[in-house]
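Record features (Swiss-Prot):
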- Gly91, Arg92, Val93, Ile94, Asp95, Thr113, Val114, Ala115, Ser116, Ser122: NAD(+) binding site (BINDING)
- Asp118, Glu169, His253: substrate binding site (BINDING)
- Glu169, His249, His269: Zn(2+) binding site (BINDING)
Amino acid sequence: MVKGLELFEVPRQVVFGPNAIGKVSEVLTYLGLRRGLIITGHIHSRHIASKVSEQCVDCQIISDDEIELSDVVKGMSAFSDVDFIAGVGGGRVIDVSKVIAYKLNKHLISIPTVASHDGIASPYISFLMQDDLNKLGVGKVRKTPLAIIVDTGIVAEAPRVFLLAGIGELLGKKVALMDWRLGHRIKGEDYSESAAMLALSSHMIIMNNVNKLTRHGEEETRIVVKALLGCGVAMAIAGSTRPCSGSEHLFSHSLDLLAREYGVKQAMHGMQVALSSVIMLYLHGANWRRIIKIMKMLGLPTSFKELGYDKELVVEALMNAHRIRPDRYTILGSNGLTREAAEAALEQTGVI
């Protein structure tokens with residue numbers, strides 16, 4: 001069958017490596033950007049944001065906790081005359097920046113200070129933030145960064161737990177791709193070979209560098225950043241998160257919703273994805289033991305108990321996971337797992 005016209009946006013300029021933060025002025029000049037709104041966090045990322053502001057012609061800095069999602073939905077008209085929105089910080093900062101850039105129809109510059117997730121380069125925001133926006137009447141947020149600047153020296157200074165979360169995110173891509181192919185074969189879902197290969201390449205970057213990643217430095221940070229950037233571009237090409245988000249993410253999202261409902265502290269996204277991948281590889285009949293071995297080598301948690309979740313919450317989340325995105329077919333099927341099947345998978349893999 002002949003496909004119709006395809007259109008996707010990818011970042012126009014990507015700069016990463018030591019001292020990349022010093023290239024902000026050069027990037028902005030190249031892109032013709034002058035006036036900007038910089039969204040950032042506190043202390044460390046605020047300091048980095050100041051370095052970014054010094055290289056702008058006219059930039060204002062505000063903290064993400066000063067911004068309510070309801071304000072963003074109303075439009076933030078006070079900033080309608082800026083050329084770009086820059087996110088300088090972690091996951092929430094980058095997500096808030098995407099939402100503002102999307103609502104104001106402005107260019108987005110992504111300047112992450114941690115490498116904990118693939119949102120640093122993708123057009124999409126976190127599941128929970130999108131869920132909150134849906135309740136406010138906002139549709140699917142999609143905003144591809146025009147430029148991405150990652151100073152690997154700065155990212156390497158962040159606590160190792162953030163890098164481990166990024167690695168955990170990348171370990172899950174194998175499952176996402178297996179599920180995507182399954183959905184393509186069984187439900188006729190659109191499938192992009194180029195996006196799939198890019199996501200697989202990102203996964204393999206981690207698998208091929210496990211021994212190196214037992215260390216923590218700029219070189220190891222660069223490996224993870226490069227893989228996360230590849231995932232972001234894969235999602236942009238596919239026009240969805242499908243190349244990088246399968247049943248392992250459905251389970252993680254289900255955990256997030258239940259944790260919020262029951263008032264349980266949520267674990268880091270990448271940690272949940274890594275553990276969820278073990279379960280889904282088991283269900284696929286794939287080599288889940290290899291992932292557990294890698295997680296132990298790198299110091300990632302290998303049980304949900306380590307993440308602070310009790311057995312009942314985890315079982316319930318696994319049983320509900322298929323309901324998160326019913327439009328996406330995965331190894332969980334249309335009806336999900338029975339309690340017996342969920343408990344068996346958790347016990348057989350030893351993650352409970």
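The backbone N, Cα and C atoms fix where each Cβ goes, and this holds for glycine too.
Remember, predicted model here, so these are calculated numbers, not experimental data.
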### Query
Using a 10 Å radius around each Cβ and counting other Cβ atoms from all shown chains, which of the binding-site residues His249, His253, His269 yields the largest count?
His249
#### Entry: Cβ contacts of Asp95 (NAD(+) binding site) (under 8 Å, same chain, 6 or more positions away)
Gly87, Gly119, Ile125, Ser126, Met129
### Query
Helix, strand or coil at His269 (Zn(2+) binding site), per DSSP?
helix
### Same chain, 6+ residues apart, C-beta under 8 Å of the C-beta of Ser116 (NAD(+) binding site), given in sequence order
Gly90, Gly91, Phe162, Leu163, Ala165, Gly166, Glu169, Met268, His269, Gly270
### Query
Which ones in the same chain are close to Asp118 (substrate binding site), with CB under 8 Å and 6+ residues apart in sequence?
Gly166, Glu169, Leu170, Ser202, Leu228, Cys231, Gly232, Met235, Cys244
### Message
Can you give me the Cα-Cα distance between His249 (Zn(2+) binding site) and Val114 (NAD(+) binding site) in Å, rounded to a whole number?
### Response
20
### Message
Distance check, please: Cα of Val114 (NAD(+) binding site) against Cα of His253 (substrate binding site), rounded to an integer number of angstrom.
### Response
21
### Query
If you skip the near sequence neighbours and keep only those at least six away, which residues in the chain come within under 8 angstroms of Val93 (NAD(+) binding site), Cβ to Cβ?
Ile39, Thr40, Gly41, Ser45, Asp64, Gly87
